[in-house]
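Everything on this sheet refers to the single structure shown next.
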């Protein structure tokens, strides 16, 4: 399938029909159809510079610094050199542009890889090798086996019998089971190989139309920063206005006294002086928004992205796949996720079905017991059943209960009938390219697993024709006449076959949902039904998908009458389906129960534990899947998304808007009988969109809604009803949804909830959802890379999501918030001292610090310590983060950095700046040195003030730091040492002699810093600056401790007695709920089998005896409880040689009443 471009949703007139001529390019070009070249990149060599600069100057701060640069080239205003702004601005723009260019080059490479794939196109009656990007609408294409398809095609003919093709859609939806398509009858004889006609190309393909639009993603902190920067600009203008007014009055009252030796230029008066002073202070006070802030932010984000890339605990050794941060701008957003939208197939599950257990004639098989009768835990070291007696057995299949094989060998009639049913009642196709090497093509992985199980236990499905099924029963080749297939549909939830054995015996075999089968059993099966029900409850408690099996012997005369009526009903033009359903109901009654099967839709490792951890972190998980409702519910229970302990699980399946609305309201009334306002008072999200409040409910609830009901629920008149109800539930499952509906659900939550969303998926049908969410995560692995290419982060297993969020995300958010709070504090404090000094220098725009200190303050003296904190700090380590998932909640509530936290920081800076200005000012007023000389000069005061400032902000950083490393310590102490080394060097005689105008502070450092009163002043200002902070934190921790305070206290306690090792316990559920019908294949497949239009090549001739057929080997190395059925014939769960398999990190959850 094709990739996705930004123009895939471009507005155009809706196309109602498409005219084209096969293999006539000249005619088709007149309609100006889209080319087949795909484009996911944003830039080209000509548009990169203007577009990238346009995006960067959308940041208010970058535009602000450009404006400052313009001011600094005006000599009447600027008191600082122009290059002090140009150099950092160019540096920021260059670094950001380089990063964006690198990302876009990777997109170009991906596009080229797809565009340049080769395909054979019929041109001038000859097959020519062309690139896919050169394929045009109307071209006739020849495809070969295992070839990629990157356009919407119409199948003309196929080399397979009766023009069938098998399509794997793993890159589209993550599913490895094959889909069947058949060519048109009129074009079926065109050629030997698969030939197709290109209908829709590039951005006009069905997939591209559903792909969603590529958007530029910003974090909530970025958006808050834009608001705060605007506030800072307003406050800067306010401060500059006050100082300009002060300059006006000073010029009027005091300025005339200085005109003797400082005459004004012609035309300059007090008002004009105040105007110039305003802009001069804009330049001097610009450090309230230093450009180094954005450089530091990019470095921090890049560093935290590397941590994700380097994390060995997120590396999947089986596929040699590490985690990858595909963007560096969203890391802190990972610590604020409130809603996770997940695909099911390939994301939560492996899409591998395994036959685990069964119940036959009242006896349960599949468990392993020791000699005392105790059930044993099945591991990969548990002994497996030896199927060497069966040369046709699938070497990938694993089973551990030896008693079932013994029952087969003892020719137990019920056991034989059980597996005979599995070998006959299905729509699987068999392919035998070499003698004894069987490959099953199943539309449903469930069917493939059941037929494979029967194959290994001695009942081998070998081949089929439209009117017969050939199987090998315990070494004997037998052919059953296939008289009818009573097909599956969502209402019947069962399928049956009617066959005649070689002995002439008529029999109906049926399998389906246990509740459906039980209604049709003969009354003699009541005792067996009770025992089987107990087994089914046990199977369902383990999250297995169950089927009940039954059969019925038919009378020849009755069947002939029934068959005649069936033929008449199938040829009816009116009410055909209802008449057929009546006939099915008539014959499918008084069945005899054989038993039940239990299939495991294998979840990825650690999925239940991950969902449990995320749920404890107050993260709501919504599963958006294209699967049918029963399948999705089964997975929901098996992965702990839905639980028996929930108060209720609501099913919304209305077929009209009124029914859906009623079901949603009934669900909401059940959860919260007393209604209140659903909107937050006086809160809007802009453009009049009201913010919906989180509504508290007593208990836990789940919601399951199917596709057609969701279509009504997403309409404008009902979307708020749906959103309110869904958000009150702990988990939500949306079934049978289209890719576009997935994106619509995400957009709905983003629109009305002030919450950060994350979408995770593995297929191309998840791309629109991934693009719509604040953060998109792609599952990379064996199948498909479409989701990964459109994602912000990628890894190989769903379980790594908990580490991405609870560890990397939380740390990134915590570090970024600490960085911003501290960065604003140190720069506000630095800048406000200029403001206070303005009242003592005649509002002349004189700087209080040495110019070199101003230049190096953010670049050298305070840069490394704050970067060290922002890259290495952590409140608790990863183990404690997993033990207390509640640590994640403050990030969802924006408790670490918000408008409130910002204004607290500003007030703290205001207080510190007053201390840092007035204490040194008063300490030096009328002060003399030890030798009696005057010390109260401007240069000595500047040195004392900047030294006090540096000590104060460094101590404040030390108080912010929770985790000290050797690097942090070196940065903090090294920066202080660097300050003194640079200060003594720049204030030395040698530097003054070299450049007198650049280094005027000659001797100031050695003359001032050798005085005790100077150091006493530094000590006093440092204490006064940090004393309120220490007092506030002490009282707050004692009176109102946060969850972080509680956990950090436990960490300190645990250092004396280390915590016990993490427990690795297997979660086992007990449940009375049984899964629904396990099949996932589509209705009508049985008719295709029996119609003669669905036919595989016949099996190779040869002996059917077991002794003459060699056992196949595929190099499969099985793992886990039982081998999985893979419809593509690929080895599943194969280990990579010489690579250590990363064990799943399981952490115990400490229950503490304090939390």
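Each residue, glycine too, has its Cβ placed from N, Cα and C.
According to TrEMBL, the domain 'P-type ATPase N-terminal' annotation covers 21-86.
The feature transmembrane segment is assigned by TrEMBL to 80-98 (among others).
Among the features that TrEMBL reports, transmembrane segment is placed at 227-250 (among others).
The transmembrane segment annotation in TrEMBL covers 270-295 (among others).
Feature annotation from TrEMBL assigns active site, 4-aspartylphosphate intermediate to 343. Around the Cβ of residue 343 (active site, 4-aspartylphosphate intermediate), 29 further Cβ atoms fall within 10 Å across all displayed protein chains.
The Cβ of residue 766 (Mg(2+) binding site) has 36 neighbouring Cβ atoms from other residues within 10 Å, across all protein chains displayed. Under the heading Mg(2+) binding site, TrEMBL lists 343, 345, 762, 766.
Packing against the coiled coil (559-593) from elsewhere in the chain are residues 483-484, 486, 491-492, 494, 496, 498, 506, 508, 510, 517, 520-522, 524-525, 528-529, 532, 548-552: each is 6 or more residues past its ends and has a CB under 8 Å from a CB in it. As annotated by TrEMBL, coiled coil applies to 559-593.
The annotation domain 'P-type ATPase C-terminal' is assigned in TrEMBL to 788-1042.
The transmembrane segment annotation in TrEMBL covers 819-840 (among others).
If you look up TrEMBL, you'll see 852-872 (among others) marked as transmembrane segment.
Same-chain residues lying 6+ beyond the ends of the transmembrane segment (901-921) with a Cβ under 8 Å from its Cβ atoms: 228, 817, 821, 824-825, 828-833, 835-837, 840, 848, 895, 941, 944-945, 948-949, 952, 1017, 1020-1021, 1024-1025, 1028-1029. If you look up TrEMBL, you'll see 901-921 (among others) marked as transmembrane segment.
For 941-959 (among others), the entry in TrEMBL reads transmembrane segment. Sequence-distant contacts of the transmembrane segment (941-959), counting only residues of its own chain at least 6 positions beyond either end whose CB sits under 8 Å from a CB of the stretch, comprise 822, 825-826, 829-830, 833, 848-850, 853, 857, 861-862, 865-866, 869, 912, 915-917, 919-921, 923-924, 972, 975-976, 979, 983, 987, 1001, 1004-1005, 1008-1009, 1014, 1017-1018, 1021-1022, 1025-1026, 1029-1030, 1033.
Listed as Cβ neighbours of the transmembrane segment (971-994) (distance under 8 Å, sequence separation of 6 or more from its ends, same chain) are residues 850, 852-853, 856, 860-865, 867-868, 943, 947, 950-951, 954, 957-958, 1000-1006. Among the features that TrEMBL reports, transmembrane segment is placed at 971-994 (among others).
Taken from TrEMBL, the feature transmembrane segment applies to 1014-1036 (among others). Counting only same-chain residues 6+ beyond the ends of the transmembrane segment (1014-1036), those with a CB under 8 A from a CB of the stretch are 908, 911-912, 915-916, 919-920, 923-924, 944, 947-948, 951-952, 955-956, 959, 1008.
Marked as region 'Disordered' by TrEMBL: 1111-1135.
Residue counts for the domain 'P-type ATPase N-terminal' (21-86) by DSSP state, with H, G and I taken as helix and E and B as strand, are 31 helix, 0 strand, 35 coil. A Cβ distance under 8 Å defines the sequence-distant neighbours of the transmembrane segment (227-250), meaning residues of its chain 6+ beyond its ends; these are 60-61, 64, 270-271, 273-275, 277-279, 281-282, 285-286, 288-289, 835, 838-839, 842-845, 899, 902. Within its own chain, the transmembrane segment (852-872) has Cβ neighbours under 8 Å at 80, 84, 287, 290, 292, 296, 299-300, 303-304, 815-816, 818-819, 822-823, 826-827, 830, 942, 946, 950, 953-954, 957, 960-961, 963, 965, 967-968, 971-972, 974-975, 978-979, 982-983, 986, 999, counting only residues six or more beyond its boundaries. The distance from the Cα of residue 762 (Mg(2+) binding site) to the Cα of residue 343 (active site, 4-aspartylphosphate intermediate) comes to 8 Å. In the predicted model, residues of the domain 'P-type ATPase C-terminal' (788-1042) average a pLDDT of 90. Residue environment of residue 345 (Mg(2+) binding site) contains 28 other Cβ atoms, counted within 10 Å of its Cβ in all protein chains.
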